[in-house]
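Under the heading transmembrane segment, TrEMBL lists A:12-30, A:36-55, A:62-82, A:88-109, A:116-136, A:165-185, A:253-276, A:288-308. Residues or ranges marked as region 'Disordered' in TrEMBL: A:320-350. The annotation compositional bias 'Pro residues' is assigned in TrEMBL to A:325-334.
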Amino acid sequence: MNAVTRRLRSTGGLGIVVLVLVASLPLWFIQTNFVLSVATLSLIFMAASLGWNVISGFGGQISFGHSIFFGLGAYTTAILQVHYHLNAYLGMLLGVVVAVVLAVLLGAVTLRLRGIYFSLATFALTLVFAILTGHYEGFTGGEVGLTLPLLGDAPGEFSFENKVTFYWIAMVLAALAFVATWLVLRSRLGLQLRAIQADQEAAQASGVLAFQVKLTGLAISAVPAALAGSVYMQYVGFIDPDSAFGATLATQIAVIAFVGGAGKLWGPVVGAVILVPLQQLLNSSLSAYPAGFNLVVYALVVLVILWIEPRGIMSMRMRRRRPRPPAGGAPPQVPDLEPAAAVPTSREAG
Amino acid sequence: MPGPLLRVEGLTVRFGGLVAVNDVHFTVDEGELLGIIGPNGAGKTTMFNAVAGAVRPTSGSIRIGDELVSGKPPERVARLGIARTFQSVRLFKAMTVRENVTLSASTVCPSMAAAHARADEVAELLGMTALRRIRVEELPLADQKKVEIARALALRPRLLLLDEMMSGLNQAETRDLIGVIKALNGDGLTTIVIEHVLRVIMELSHRVLVLDHGVRIAEGPPREVMRDPRVVEAYLGRSAAQNLGEPA
């Protein structure tokens, strides 16, 4: 019990410190539009990756198709706003509904597949969505994409002149996604998802309704991704099939979590803070070099991080803190166990 | 007089052309401890898997009480009250002892608080309270096996299936685990044990079922079964009589 409360307090405390720090960034650090846009995008992709972490990080069902939910969130808001002049917030809500419904439908088919086959199916599906959105031009704008009408400063329509507002909205989104995944991790669903990841047969022998648990996990995990998509839409004001459903976004959501630490609560946070700025910096600084050079550098950084620690950055930190048997004449029986026990618990969650 | 707790009738499991279990009948009474023996490949584990729902029977029926088990997936079978351990320990390695046990409790308890309470209760029953916060992969094998039993017990099973619990354990650990199984059975838990170590079967079982090539070749009290010439020939070999005293 003690360790649990300690863990809660440390996660909660750290969370509040980080939140205050991030909220105050525009006052002392974010002084240019470039930095502001990088920071906002980091938070948006962080939210999508936090969602991914539920089914793929905790549940071990590695999705390379969370761009489906991101894209559905973005396109649903955009289509409703452009074609039906629906309120942006309502569109956002409907975007979540559409994404969750699709998550259940697609999950009903794909979650029966194990391991790499599930991953491949999700990846194939997101590319199918890219083709479909490109095809139905009248509705989606086709390959050209959809552009939101310029509304100026209209808070009621999710439109803000001051881009710092979007930064704070993205921050709230990421914070909510973080709290949501934290609650999932502590819940029955989180425990059962982790058991499925560890050994699905053993979990089933323990009474875990594996398919239902995975389906629920996928549906929950689609929510932050869809919200991230619709916030992205409102922020950037433009979406096309490739930036919504394309291979880059599909892998990026997963890679952010892998680099930070898949299955770790803070993994997507750390991953997004490192990778999104890196990507944006490389895009702008290496554009004079042959095309694609920025991606090569990006890939190298990812490879080096995962080569040093395949379980992601969060595991690096923990590994350095790993049990060092208490020095000197500590009593021989129990003390070995205590630190060894404390580390892994926090590692699972932290 | 109520009927038997478990009733297996005409159970056949076929993998392609191979008949792993062939028309096996048996019952287990409430509170009984049934031992199942047989040479390698006799179909013991396959039959176990069929009872636990991990393998779908080709034909035949399995019932616990009035409830039909055969054809149901393993998670449903577990919720019907048939809990199992695995031949090679299959715990959730990166989780703590408490998390492992809470996991199975969480599938039958109404809330996580109740699941935690159930897990702590089972841990105490097995004398593992001090180990609760340790990750199972850091435990010695004997303790891991106990965690598997604890995880099964958390389901409040009506029937416990133990598959080769003693493999890899030394004399003292075997003795300890026999004590645990006896105590649980003594409290009324119906148990089926598959075991290679004959002494264990002799000591634990009320009744022994012998399989060979998927067929039931003998059944009865341990001592009688061991003297049955068919058993001696099929399972133990011709010179087995002398070896009976040694650990197999």
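Glycine residues also receive a Cβ, built from the backbone N, Cα and C atoms like all the rest.
Here the structure is a predicted model, which means the values were calculated and not measured.
The listed stretches are A:62-82, A:116-136, A:165-185, A:253-276, A:288-308; of these, A:165-185 has the most Cβ pairs under 8 Å to the transmembrane segment (A:12-30). Outside the transmembrane segment (A:36-55) by six or more residues, the chain places 22, 25-26, 30, 61, 63, 66, 69-70, 163-164, 166-167, 170-171, 173-174, 176-178, 180-181, 184, 193, 214, 217-218, 220-225, 227-229, 231-232, 235, 252-254, 256-257, 260, 262-265, 267-269, 271-273, 276-277, 280-281 with a CB less than 8 A from a CB of the stretch. Contact counts against the transmembrane segment (A:116-136), taken as Cβ pairs under 8 Å, peak for A:62-82 among the stretches A:62-82, A:165-185, A:253-276, A:288-308.
Within the chain, the transmembrane segment (A:62-82) has long-range Cβ neighbours (under 8 A, six or more residues past its boundaries) at 48, 51-52, 55-56, 88, 90-92, 94-96, 98-99, 102-103, 106, 115-116, 118-126, 129-130, 133, 139-140, 146-149, 218, 221-223, 225-230, 232-234, 239, 241, 244-246, 249-251, 253-254, 262. Cβ atoms under 8 Å from those of the transmembrane segment (A:288-308) belong to residues 255, 258-259, 275, 278-279, 282, 316 of the same chain, restricted to positions at least 6 beyond its ends.
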